[in-house]
Amino acid sequence: MKRTFMSLHATGPQANQTASKSLYQRPMMDSSQGSYEDIRELNEDSNRVMDGVFHSHLDEKVRPYIDLIDSLRLIGIDEDMSLPTIAVIGDQSSGKSSVLEALSGVALPRGSGIVTRCPLELKLRNLKGGLHWRAIISYKDESIEFTDPSLVDAKVEEAQNKLAGEGVGICDELISLEIFSHDVCDLTLIDLPGIARVPVKGQPEDIGQQIKSLILSFIEKSETINLVVVPCNVDIATTEALKMAQEVDPEGKRTLAILTKPDLVDRGTEKNVLEIVRNQVIPLSKGYVIVKCRGQKQIDDRINLAEATRLERDFFTRHEFFSCLLYEEKATIQCLANKLTQDLVEHIKKSLPMLSEQIKKQLWDMRKGLSLCPAGPPMDPQMQKSYLIDTLTRFNDKINRLTSGEVVNDDNMFVLLRGEFKKWKDHLDSTKATFHKTVQDVVNEYDQKHRGRELPGFSDYNVFEMVVQRLVALLMGQAIDTLRVVRETVQKQFTDVSKTCFTNYPFLQCVTMNKIDNIQSKQEAKVEERILEQFEMEQLVYTQDGIYFKTLNETAFSAEGEKASASEDNCAGFDSRSKYPVMLRAYYEIVVQRLADQVPMLIRYFMLKQSAQLLCAEMLGLIDGATVSEVLREESHISRHRFDMQNRVDRLTLAQEKLSNFV
Ligand code: GDP
Ligand code: MG
């Protein structure tokens, strides 16, 4: 059994049998039928079987091309470039929708005045197997699926009202109606608003121009076959649609004219119509087809499409002037469908090299774009997890290298820190002079201001201890300041690592920043407490005797050129008050040394070393805690961009594969 493509059995018993089917059905053919020539002879009065033979023969040659374009459209290539399509243009009420309806088997909104107000892309998809009729209408962001064929009309109208507003306005946004049915072939047709000359009430003055430029945007594409619909009962030479088609396609290579309403032709003008159909008046290389669709009365009488097709053939068979056109293959919707298929296939064949070229170029551009786009996380959840582990490990590794002194960011962190610690030391040194002077003042003024119950010549240790306590306590402010600055520095360094490691993951970056901030705050509080404790301890005014004498000998006496040296066994000679400034200066020197190291060590240990350990541990905790996909959520525009590009590359690659069998 052979399948036939686009054959319609308009007369004879099979016509009824296929009554519910449209033009594009594929009825089975009886294999007992004879050869092409035999049948031609046998069926002179009807080309029913002849069509079948003709088209089953055509099928094998045509089908792959239609399928190719259809599959390209299915994978979405029409988003990247225009694919061969058929656009229907004509004056208002010339019968465009009626022709489309007859071709597609789908009832479209029809009537007088402006009915088609948005371009309607009719994507017909042949259903195989036991699936049921369904349609998807999409426009703007909406996409509605329905399963009742009688709803098409209402759905299209609803869409038009949403896009162009209720009333008589037009809109150039496309409504796409995808119909899956056993009774259609894979074909895409576009119904366009009819050309209006005079605006009706409620329409803008330039409606004619608006409609024309909308039509133009479709018919000027070299990928489009233009179906120009002209009623028989008007002067064809004056029709705007034909003029427009001629402008964009002067040689008529992709223009096919359709004469409608032959039943309404003026008596006596039939001969003129015949001349036109025979391409003798305005010649087009693709020529003319005359069709008769359902008139208003037939619609009111609920004559279905299949019945209408039978009536059409009856009409031509019986027509005094037009019956000959049946044999010339210039009449009936069925003939139009045949012609259209052939034209479309020819057109597709011609377009293929260009399509292939375009695909190649776009692929190249997209691949380049993709290579410049940072790679994202893998799609597979398991892979995603190990990707997250890798990403976090890389971060931790960088943090560890940073804390152990490697230069990871733009600045060298240890240079920055050393600078801060040096400032601290400089500050300590700078206070020595004041300390010395203060002690000296106390010594000088001792008898007047400080002397207690002791006999002259004796001194109260307390007085001097308090001076030391007071002056050392003053250093704390600067210690805390150093802590603050270092915290800022470390926090910035950690944050910089997070930024470079998690560039495309705003969520991860945010989580990390919060962790860094939390840890730094906690650690800062800890260090502050330690510094406070340190300064409380400094109130003890303590050092080992050995250290004290060592410092005293090294600094004080050598500086003052004293001969005698002090030692643990020989401290009796130093109870004299005049020696106090020198002695206390030695102690202060010890304090300075102690604090100069102690404060930076506290800060470095808690703010850097321990912070880094805590941060790394918390980061690894992310692997088990949060949802991986959530943690790896990307900056939406980056992921969308990459996703779009990847999709395009995928479908272009697929398209290239499909095309490679043809070009
Ligand atoms: P459009 O505005 O170009 O889409 O035209 P329509 O398809 O809506 O048709 C306009 C009117 O002409 C409708 O009432 C149709 O029923 C009617 N019509 C279309 N084709 C024929 C035809 O061949 N014969 C007759 N008598 N009426 C037709
Ligand atoms: Mg219409």
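Cβ coordinates are placed from backbone N, Cα and C, and glycine is handled just like the others.
The feature region 'Disordered', as given by TrEMBL for the ranges 1-36, 37-72, sits at 1-36. Here the domain 'GED' (577-663) has, by DSSP, the following mix of helix, strand and coil residues: 78 helix, 0 strand, 9 coil. Within the model, the domain 'GED' (577-663) shows a mean pLDDT value of 88, rounded to a whole number.
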